[in-house]
Amino acid sequence: MRLITRWIPLANALASTMPVQVVASIENPSLLPTPPMGFNNWARFMCDLNETLFVETTDAMASNGLLEAGYNRINLDDCWMNYDRAENGSLEWNVTKFPRGLPWLGQYVKSKGFNFGIYEDSGNLTCGGYPGSEGYEEIDAETFAAWGIDYLKLDGCNVYPKEGRTLQEEYKYLYGNWHEILSKMQQPLIFSESAPAYFSMTDNLTDWHTVMDWVPEYGELARHSVDILVYSGEGSAWDSIMTNYKFNTLVARYQRPGYYNDPDFLIADHPGLSLDEKRSQFALWASFSAPLIISAHIPDLSSEDLEYLTNQALIAVDQDPLAQQATLASRDGSLDVLTRNLADGSRLVTILNHGSESIETDISLDILGLSTDCTYKAQDLWGGSTQTIKDAIRIKLNTHATAVYKIDTDEKCSQVIPTGLIFNTASGKCLTGTSSSVGSESCNGSKSQIWQIDASGVIRTLSEQSKCLTADGKAISLQECSENNGQKWSYAITGNLKNADTGYCLTNGGGVSACGFETNSQVFGLPAGVHVAL
């Protein structure tokens with residue numbers, strides 16, 4: 001088809017021909033101060049998309065409470081375009097699928113109160129075999145601006161190294177180029193990057209870590225790992241959710257206002273999920289302050305699905321201006337306990353039963369970084385009820401269910417010390433301190449694996465709080481706290497935990513060694529609230 005649209009000259013679509021300072025999104029979080037919420041067709045419909053689907057989805061979201069709850073983005077995924085570009089090099093929509101065109105659809109979506117997003121690929125072809133953006137980045141940016149697009153998901157299929165670059169360097173070049181182009185636009189697009197996902201399933205995670213290092217500099221969110229299971233896919237939908245959940249726990253250090261880790265879509269109508277499992281995905285994503293992008297047949301969502309998807313207390317957690325990602329306070333074979341701070345000074349605790357049996361147990365407040373000498377008010381964010389707690393929270397959970405509590409603190413008990421697991425992200429093993437010895441073991445939920453890190457970088461285990469993690473040469477141990485440099489540690493965006501005295505980095509299996517570059521054995525996850533050196 002011929003392109004029927006109002007063209008905006010590139011000089012107008014971009015800010016100007018004058019030099020423009022390109023700033024990282026994390027330096028200008030006002031572009032996306034909280035994670036995006038909305039709809040994308042891919043996990044539910046894949047390439048079976050058309051104008052009718054998006055009109056009906058828009059109408060349903062405007063009337064069923066989703067728009068009012070904050071889901072204000074309508075995003076197209078792959079397969080919306082023709083297999084060939086126009087003679088002038090521009091992309092064209094498939095006129096059979098979108099007879100009135102994407103500019104018309106964008107206007108319709110916006111007339112209902114939504115923003116409009118689109119999909120492209122950084123390589124020479126999209127994952128579905130349609131034209132990629134490589135070599136056409138500026139004309140595609142111009143096209144999207146003309147169509148009223150304000151959100152771009154840029155995939156990473158069909159990328160091949162050129163000019164002596166490694167594959168990781170090629171991705172950085174392509175996504176960096178898009179970042180420059182988008183940053184110069186009068187109205188910069190929200191930029192969703194899929195680059196990390198293409199490095200997430202290798203045994204050596206150095207390239208994955210490296211890509212994760214640079215994506216916050218270029219965009220507002222990044223798909224860090226494998227796709228969530230699609231509606232027609234084979235396998236367990238719950239296992240797929242758990243895979244993406246676990247990947248998200250590995251990258252908390254990167255998240256901050258203006259940049260969000262993306263564990264992929266909410267698959268709210270997947271037939272393989274129980275209601276508890278659907279609610280768990282939503283609660284975990286909200287606790288992460290992750291994007292809440294629903295991929296489902298919106299007009300047919302049940303009242304039960306709409307009820308949890310519009311839970312205002314959990315949406316408020318997701319949209320909290322701190323954007324702090326919940327991290328692991330404790331983990332064993334059945335329970336994960338996650339914590340984070342909220343902007344109003346309260347503490348969030350999220351408890352996931354990933355085991356196969358129902359569980360009833362107490363969650364001690366000290367593993368959440370709170371004092372056991374204080375009394376707190378804890379609000380159940382599912383039901384809204386409030387209870388007074390001291391020492392612990394009593395919870396009862398069905399298999400694959402998740403509880404979420406907001407714990408209010410008063411002035412006398414407002415201090416929160418970052419507390420939780422220190423774990424190697426490649427092996428999943430937890431740093432464990434017993435008596436004077438320190439090593440790496442399977443996570444078992446014991447207090448010998450739960451650490452507190454104070455503002456000076458001193459680290460102590462909850463099981464023996466008078467003893468601190470100490471480096472001496474290449475050995476580590478628990479020694480009486482004395483505030484010497486061998487007991488002071490710094491945490492970097494690369495995941496390295498570096499000792500101030502030796503200059504060595506914590507290494508999986510026990511001990512410290514010369515700091516490597518993004519090596520599997522030296523990348524660790526730490527509790528939310530620990531200072532991260534950029």
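Glycine too: its Cβ is placed from the backbone N, Cα and C atoms.
Here is what Swiss-Prot says about this protein:
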type: SIGNAL; residues: 1-25; note: signal peptide
type: DISULFID; residues: Cys47-Cys79; note: disulfide bond
type: CARBOHYD; residues: Asn50; note: N-linked glycosylation site
type: CARBOHYD; residues: Asn88; note: N-linked glycosylation site
type: CARBOHYD; residues: Asn94; note: N-linked glycosylation site
type: CARBOHYD; residues: Asn124; note: N-linked glycosylation site
type: DISULFID; residues: Cys127-Cys157; note: disulfide bond
type: ACT_SITE; residues: Asp155; note: active site, nucleophile
type: CARBOHYD; residues: Asn204; note: N-linked glycosylation site
type: ACT_SITE; residues: Asp213; note: active site, proton donor
type: DOMAIN; residues: 413-534; note: domain 'Ricin B-type lectin'
type: DISULFID; residues: Cys430-Cys443; note: disulfide bond
type: CARBOHYD; residues: Asn444; note: N-linked glycosylation site
type: DISULFID; residues: Cys468-Cys481; note: disulfide bond
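Within 10 Å of the Cα of Asn444 (N-linked glycosylation site), the following recorded positions from the list Cys47, Asn50, Cys430 place their own Cα: Cys430.
Nearest Cα neighbour of Cys127 (disulfide bond) among the listed recorded positions (Asn50, Asn204, Cys430, Cys468): Asn50. Looking only at the recorded positions Cys47, Cys79, Asn204, the one with its C-alpha closest to Cys443 (disulfide bond) is Asn204.
Helix first, then strand, then coil: DSSP counts for the domain 'Ricin B-type lectin' (413-534) stand at 10 helix, 52 strand, 60 coil. In sequence order, the recorded positions near Cys79 (disulfide bond) (Cα within 10 Å of its Cα) are Asn94, drawn from Asn94, Asn124, Cys157, Asn204, Cys481. Here the disulfide-bonded residues are Cys157, Cys430, and the one ringed by the most other CB atoms within 10 angstroms is Cys430. For the recorded site, Cys47 (disulfide bond), the DSSP three-state label reads coil. Contacts of the residue listed as 'active site, proton donor' defined by a Cβ separation under 8 A and a same-chain sequence distance of 6+ are given as Tyr254, Ile493, Thr494, Glu518, in order along the sequence.
In terms of Cα distance, the recorded positions that sit within 10 Å of Asn124 (N-linked glycosylation site) are Cys157, chosen from Cys47, Asn50, Asn94, Cys157, Cys430, Cys481. Within the same chain, residues at least six positions away from Cys481 (disulfide bond) with a Cβ under 8 Å of its Cβ are Val458, Arg460, Ser466, Lys467, Cys468, Gln487. Put simply, Cys47 is the one of the recorded positions Cys47, Asn88, Cys157, Asn204 whose Cα lies nearest to the Cα of Asn94 (N-linked glycosylation site).
In this view, the densest Cβ surroundings among the disulfide-bonded residues Cys47, Cys127 belong to Cys127, judged by other Cβ atoms lying within 10 Å. The Cβ neighbour count for Cys443 (disulfide bond), using a 10 Å radius over every protein chain in view, is 20.
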